[in-house]
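Feature list (source: TrEMBL):
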- B:7-29: transmembrane segment (TRANSMEM)
- B:49-70: transmembrane segment (TRANSMEM)
- B:52-92: domain 'V-ATPase proteolipid subunit C-like' (DOMAIN)
- B:91-108: transmembrane segment (TRANSMEM)
- B:124-182: domain 'V-ATPase proteolipid subunit C-like' (DOMAIN)
- B:128-151: transmembrane segment (TRANSMEM)
- B:158-182: transmembrane segment (TRANSMEM)
Amino acid sequence: MADMKVPGRGCTAALAVLLTFSALGRCAEQVPLIMWSSEGSATTSPSPPAAGHVVSGDQLESYLRAALSSSPHNVLLFMQERLSVDDFTMYGGVFGNKQDSSFTNLEAALQSSTTSLVLPAVDSLATGEVTGLLQEQLDTSPLYMDPETLAQLRLNASVATLLVFRLPYGTGVDMMSTKDVLSGNDDVIGQVMNIMNSQSVPYTAVYTALSASRTIEDVPLSLHSVGRSLLQSRQKISPPVEFQEKGSTCILLWAENLNVELLRSGKWERHDLAPMTFGESSRVKLSGSFCNASHSRLVLNYENVLNFRSFKLIFAMSQRHYKVSARRWFTMDQVVLEYDGQKATFNASRYVYAPAEYSYRCESVSSFRYAQLFPHSDKDRANQWRLSFDDFQIQGFNVTGQDFSYASDCASFFTPGIWMGLFTSLLMVLILTYGLHMILQLRTMDRFDDPKGPAISVPQTE
Amino acid sequence: MNGHAILYTGVTLAFWSTILIVGICYTIFDLGFRFDVAWFLTETSPFMWANLGIGLAISLSVVGAAWGIYITGSSIIGGGVKAPRIKTKNLVRYFPYIACILNFSGTTPETIGARNYQAGYSMFGAGLTVGFSNLFCGICVGIVGSGAALADAQNASLFVKILIVEIFGSAIGLFGVIVAILQTSKVKMGD
């Protein structure tokens, strides 16, 4: 193959093009690329890549440069619409049925060529750019041809040409049409080869495609991995709000929604504080929070909530030892809203409690729907507010590490209604059992039965 | 063992083994704190207790009366074959019951108030008191009445003497009613 100087700007330009393509977010597909030439010695052919290696755009460019530096400058590019290695497996007659192969001319060309390079897996983004790469390396613009126009063309060995043959790929539903299309493409390759051989012009041929016909996702592309996962857990979970005192975490809070609603001129205005509290876009400040052995207080400071300049959501918790159950329990005593100097207080200690070592979790902590939060008094400003926290979890004491302890859920296995039903049913079943026992004990009088005596006859007529 | 004994032992065994297994599970998983009698007593509605009390009062009194009549009646039928005069004199029934009306609104212990919880439990207790005392009173009166009927069949002058004993039996039911009135006297109705 003759030597050739490579233009220096091809590298960066190709990289830029590839980067823009990758920015579009196309998934990684692998397309084979087969190159062979009519002249050249076997010693200068480049070494094939390792098995399983996906050739990137840079590597492809270096392969092409190396190949073209020592090969003729008439480049025939057979660009098929789609191609995968599986097409060779399916239609190449590899299962002992050579006569059914759709790539007979291709195989013949490869065998008759002195140098050939087979890259079974090239990044599809790179193969899509082969035209551009070759154009830059040969410094000539491509000519889009088919065999008829090629026959009329007079080729010259000294002039660099880039001839591109676009080949289709079947989109039929059944396999036969794809096979026919591939056979047709193979016929085109055969015709071109014959024409080139008849003109006895040295050439280099490249057979590749724009994209893969079959993609195998071996890299997980979506957020969840190949293993099983709950549907609910696909969303990104943001970490809980942590309040640290003296370097160790003291209070943890997490909720999916922190809805606060204010009744203003007859309408409820609602605001969800959760996006401002959890996740990357959290803008909450925890100043004013404290925790000691018996009391914890988490203060969430916000700005510009519901047209209030300053807005604070405060959770006040306490823990102590209870004699009757002989263990420590913690309760959330109050949920307080402080806004622009005013205060709304909700009592929460009736329902929000858990053993002191555990966290409290509830699907819905709200003040109006299966309420767990109650206004402190009838005249408290809390009567104008409605709170509703969804998937709420809080722990104010005995926090080890940065995770919640075992979550004591507000939903118990037996609800009060179930208990009432069980108790009443049990009572009625006992009464029923007693009655049944007595009835089953009844015996008819058999003192005067005489099986051997005459049977009683009841005359029908008087 | 006859069929009844097998049935009762089986049911008792199932009941206690369920309790045992549930208790073991709670202990193993360190969920013992969920066994909360106070929660049960405050979360279940006082209406349920009051209604159970009323229902038991009426139903147990009826059972007592029926049982008494059954005992007396069988004797009257037997004795009345030879002495038909006894049949009308001996059907004394005692059937007192007490019911009072509980009316309040509220869903939380604070709004229901301790008073209304006490009302619910008191009515349950009062209902049990009245019901069981009437039950045994009815049985007692029935047995005494049966004796009275048979003695009356023998000798007509004995009826009044045995009736005095029957009055003692009726007093049992009366005592039950008095106690129930005492239990429900502290029940304040309404909010």
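All positions are counted from 1 along the displayed chain.
Cβ coordinates come from backbone N, Cα and C, glycine included.
Whatever TrEMBL says is automated annotation, not expert-curated.
At the 8 Å Cβ threshold, with sequence separation of at least 6, the transmembrane segment (B:49-70) lacks contact with the transmembrane segment (B:7-29), having fewer than 3 such pairs.
Taken as a whole, the domain 'V-ATPase proteolipid subunit C-like' (B:124-182) shows an average pLDDT of 88 in this prediction. Counting residues of the domain 'V-ATPase proteolipid subunit C-like' (B:124-182) by DSSP class, helix then strand then coil, yields 56 helix, 0 strand, 3 coil.
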